[in-house]
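*Asks:* Before we start, here is the structure in question, set down as structure tokens.
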Amino acid sequence: MKASLLSALLAICSATAAELAGTARQVAETVPGVYIIQLRDGESLGRRSDEHTHEAFARRALEESIDYNVRYEFREPDLFYGLSVKVPNNESLSALQELPEVANVWPARIIPRPLAPVEMLPTEALQSLAKRSDHAKVVAPRQTSPSGLDYNSPHKMTGVDRLHPRGIKGKGTKIAIIDSGVDWRHPALGACFGTGCKISFGHDFVGDAYTGYNDPVPDDDPGVECSEGGHGTHVAGIIGMEVASGAPQFAGLTGVAPEAELGMYRVFGCSGGVSDDILLRSIAMAAEAEPDIITMSVGAGSSFGTAPGDPYLQLISGLTEQGIAVVAAAGNDGAIEPFTINSPANSPTAIAVASVDNNLFQVFELEDSNGEVIKYGSVYPFPVEKELKILVVGDGDEVAEFGCRAIDYEPYLEYENKDDYVVVARRGICGLSLIQSAAATAGFRNVLTYPGAAFLSNPFLEGYAATIPVFDADGELLNFGTTTSQKLYNEGTNSSNYTVKFKSAIPQLTRQAWGGQPNNFSSVGPVYDFTMKPQISAPGGMILSIWPLSGTGFAIVSGTSMATPYLAGAIALVKSQFPNFSVAEILARIQNFVSPGQLELGPIERLAENSPKVTVSNPTQNTIEYTLGHSLTPGMAKYPHWNATDNQGYLSPSLIRLDALPIGATVDFPTGNTFSLASGESREIDIIIQPPEGLPDHMIPFYNGFVTVSTSNRESFVVPYVGAAYNYTAAPVLGLDPVGPVFDFPAYPARGEPQIFFDSRGIGNHVQGPFTQMSLVASWLQPLLYTRFDLVRAETDFVPTFYGFDPDVPVNYTKTTANTTGTIAGVDILGTNYVYLESSPSMNLIDSFFSPPMWDGETFSTPLPMPVGGYRLLIQMLKLSGDPESRADWDTWMSGVIEIMEEIPPF
């Protein structure tokens, strides 16, 4: 059987990630020996109709004595058809790949549990809580909830508060949650699991001890008690919690869709991540329950939403076609750069959700020894009756004052009666839970932080913040709060007698500095093919919800993980009133009455061929006048400072930073910008968008904005648009700035041409030496679908796009006796060093080669000897918009002669 180039590449990528994880490059972490296999349908194989491909695969594998174990099967052709397996060695993998029933093979990646900004605890002492279930902290005895305090501020931001009084609470809808499990024993969730309960269905795929690498221990009960499983409980609460109006804490706190039927599919243990195949199986099992919505606050970093290397594509597309809305977290990596949308949120039919900050935050009052009252934010008040001394950590050291490290507390380790102190630390360079952990390890249980102006200035640190409540090794709750005031720092550094007293246990709600604004952490799109992601935002910053009873019962947590279930609940509200609406119709109803809800303009050359259009509809009973407009927003770029001179590549904050740029498009409406529509009428509107011009393509710039629609009945809608501000299908993918013969990285050009170095010198036309001691420096200027590093004969007649040597200079060398192992896109190769699927742009990436240096080029499952003689390194790069089967879509670079003087064995 001769596999297509695409399937061969995917097979090679599978083995590459599995065999070579842990190298200097950013290779996805994978589960050793575990692979996801997509099977062909029976008709394409010409098989008799009474034998399914699964059975044919198993029969043929048995006939060929292939050693493997099945982990999960997927038998829905409209979703995903295949299985996941565990193999003991490369030979078994290679044999499975060669079976005619196999279409594609992927390594099972480790999907990390949601960490940032929801951070897990780094110390053994604090992790001890996972083993405890007897320290319930649900009731904070000093807190009283005054009548009329409304904790449901996110509902006022979204209009949900106007739907609940009308009885619209999601009744009749089903939502499946894929997360870390749920403490269904919580009173706010009805304290039961099963038929007739709020949490009525689900499954535990993993068990408490699962980390992503060990064997899961499944169970039919998705319940979780460890505090590290609190993420799923918090998510479930955002959708469905109902705290009684007379409860002692957070009375009246209500989820978005409290009457929706909920299910939980647990995919995380009490620590660690989850393998791809378990996550895929959980989605498939959730679909079997026929929910209206599947919500996933889970994901892994990727910005290639339409690449063939993602097994989620077909699955999520099939679910959407079945009418199931798949809502996924966009990710929490937006503070640095654009193009940071998580997988599977980046799948074309998934609804990717961004986060905005909650308007209100709960605060309490303390009084200092000067009689001044200072507010501090916390889930619970500090249950401390006596006066406490202020201890400013760091003693004037700008870094130490952040209290992130154990060394910052060394001067205070000998203090007696540490419970008599409140540690005061700046926040800004590490997570809040890291400060908690460092202080607790030093013996301090009372911690307050503030957004200090020293060392760095970050406006997003303004306002109050929260972290997951934690316990020390004795099971006692650590007191943690935040304040916007620097007074504690100022007074604490000036006076050794400065004290505070936590005077009131009565909470107040105060407005957040960034309330209603996008969170700084929320991942920014678009996807690299300029598909617009995220499509919508919801409250996700500083969200109050429930937490496991073994923890604190309630917690304030931030992340797109929180915004995602909020949107899922909002979709349930719409679905409960319009049960026959499709996913697209529901999303349009939530966004506006203009379709499409967004304009993905793509590269400049596509926009020149296809003018965008929108359709405006009038669903009211009256004639409405409409006015079209344009709201310009600043553009962005992957490399906003592309001409920086510090040459530190993607590691440099001056080359990658989320900066707004003064670039934008002009918008015109050729038929006019005002019109009227009678009841039930629609009109298609032509739009002329002129993108900005003259921007360097290696910046990877894009522009965005909004087409606005205002009505005579004082309503307004917006249609966002995004487009590439350059011709990305024609943009060069390889840096070609000249470099010198000696490796001198500080003087290296920012977009230097590829160069192989040996003993700090470029190899030029010819070098003699061991390949394993050489390294490559190169710059990838654009996102690439595939990047291959193959070894070919030195005497090859292949003509590359770019030469790394002078082809007119003759070279004397010994020809190698290595055998040809494959033909990739018409090129005979002797062996493959590595293959990357989905490569992000990188400036001056320094790379060592994999050892052993040569693997078979068809399956990449067998290492090969490297006999003496002459070789060339051939780098093949497939553009993001390219066709793997088209030689014209590949750019290539070929090195000078690398002459191996001593055979390298396949070890």
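The backbone N, Cα and C atoms fix where each Cβ goes, glycine too.
Straight out of TrEMBL:
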ACT_SITE  D179  active site, charge relay system
ACT_SITE  H231  active site, charge relay system
ACT_SITE  S561  active site, charge relay system
DOMAIN    170-592  domain 'Peptidase S8/S53'
DOMAIN    611-722  domain 'C5a peptidase/Subtilisin-like protease SBT2-like Fn3-like'
REGION    132-154  region 'Disordered'
SIGNAL    1-18  signal peptide
*Asks:* Taking only same-chain residues 6+ apart in sequence, whose CB is under 8 Å from that of D179 (active site, charge relay system), what do you get?
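*Replies:* Result: H231, G232, V235, A236, M264, Y265, R266, V267, F268, M296, S297, V298.
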*Asks:* Let me check the 10 A CB neighbour count of S561 (active site, charge relay system). How many other CB atoms are there?
*Replies:* 30
*Asks:* Tell me the coarse DSSP state (helix, strand, coil) of S561 (active site, charge relay system).
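*Replies:* Reduced to three states, the DSSP call for S561 (active site, charge relay system) is helix.
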*Asks:* For the domain 'C5a peptidase/Subtilisin-like protease SBT2-like Fn3-like' (611-722), provide the mean pLDDT of the predicted model.
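*Replies:* Computed over the domain 'C5a peptidase/Subtilisin-like protease SBT2-like Fn3-like' (611-722), the mean pLDDT is 82 on the 0 to 100 scale.
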*Asks:* What three-state class does DSSP give H231 (active site, charge relay system)?
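*Replies:* Helix, per DSSP.
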*Asks:* Count the Cβ atoms, other than its own, that fall within 10 Å of the Cβ of H231 (active site, charge relay system), considering every protein chain shown.
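*Replies:* Within a 10 Å radius of the Cβ of H231 (active site, charge relay system) lie 30 other Cβ atoms.
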